[in-house]
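This report refers to the structure that appears directly beneath it.
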Amino acid sequence: MRHNQMCCETPPTVTVYVKSGSNRSHQPKKPITLKRPICKDNWQAFEKNTHNNNKSKRPKGPCLVIQRQDMTAFFKLFDDDLIQDFLWMDCCCKIADKYLLAMTFVYFKRAKFTISEHTRINFFIALYLANTVEEDEEETKYEIFPWALGKNWRKLFPNFLKLRDQLWDRIDYRAIVSRRCCEEVMAIAPTHYIWQRERSVHHSGAVRNYNRDEVQLPRGPSATPVDCSLCGKKRRYVRLGLSSSSSLSSHTAGVTEKHSQDSYNSLSMDIIGDPSQAYTGSEVVNDHQSNKGKKTNFLKKDKSMEWFTGSEE
């Protein structure tokens, strides 16, 4: 998939204001009385009060100051082959659509993650928390476990949930992210491919499917996406929101009608941050070492990063 971008000037710092619902309480209106100033001093005082009133109308409450390096570090997470393949498997964007990914970024900011804490495991923890907050379908988010924890995910997922709770505590339990906040985050680099992950209407809403015989969740990296009768095969490959250089998108596309049982090479999972939170012996799985020489850097084709890598004026 090609991702074209128009060159545009973007400031190195963006401030996103978040309105608080508590500020919208209804208060009785005071009667307005107009008094004509009787002297010059009174007129100057009147102008000063008017200026102060205009200042008070500016947005109040918490805000996010987004630096260029913050967005760059977040986008670099999607260089990870495993995360790319996870997005490819989520072909219907039910686990990681653009709004859930924007919430993940906001969690990173609220938690004040350093650049070194922009890691794979923290990405999956934040994404799981976003699904917990927003999604009615509980079982779908469990697909994150085998991708984040590897083949031993059944033993490791209790610790994963503890890390989720620690992240929730670190953001002061402010897990709600408004739609406007998400859209302002996406507007910083609107043509980046992760913001093209639009979920279809038929996958939205609080509609449960009680027929659990069709798909057993979670399925993990060793399986291919399930055919979706609602999205259709064409939609599944056109709107993945994934770089065309992903090895899975090119290798597995030809065998999508069968479930691949190829073994994946286990890798040690990097957890950068608090060493006390690191897993011991946990594994993640992928099948990319055989294609290592064939992979290309998708950022060379994705021009949406140009304003991040360019020199600041």
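Start at 1 and count along the chain as shown; that gives each residue its number.
Cβ coordinates come from backbone N, Cα and C, glycine included.
The model shown is predicted, which means the values in this text are computed figures rather than measured ones.
Here is what Swiss-Prot says about this protein:
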MOD_RES   S222  phosphoserine
MOD_RES   T224  phosphothreonine
REGION    68-200  region 'Speedy/Ringo box'
REGION    278-313  region 'Disordered'
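In the region 'Speedy/Ringo box' (68-200), helix, strand and coil residues by DSSP number 93 helix, 0 strand, 40 coil.
There are 15 other Cβ atoms within 10 Å of the Cβ belonging to S222 (phosphoserine). Mean model confidence of the region 'Speedy/Ringo box' (68-200) amounts to 95 (pLDDT, 0 to 100 scale).
In three-state terms derived from DSSP, S222 (phosphoserine) belongs to neither a helical nor a strand segment and is classed as coil.
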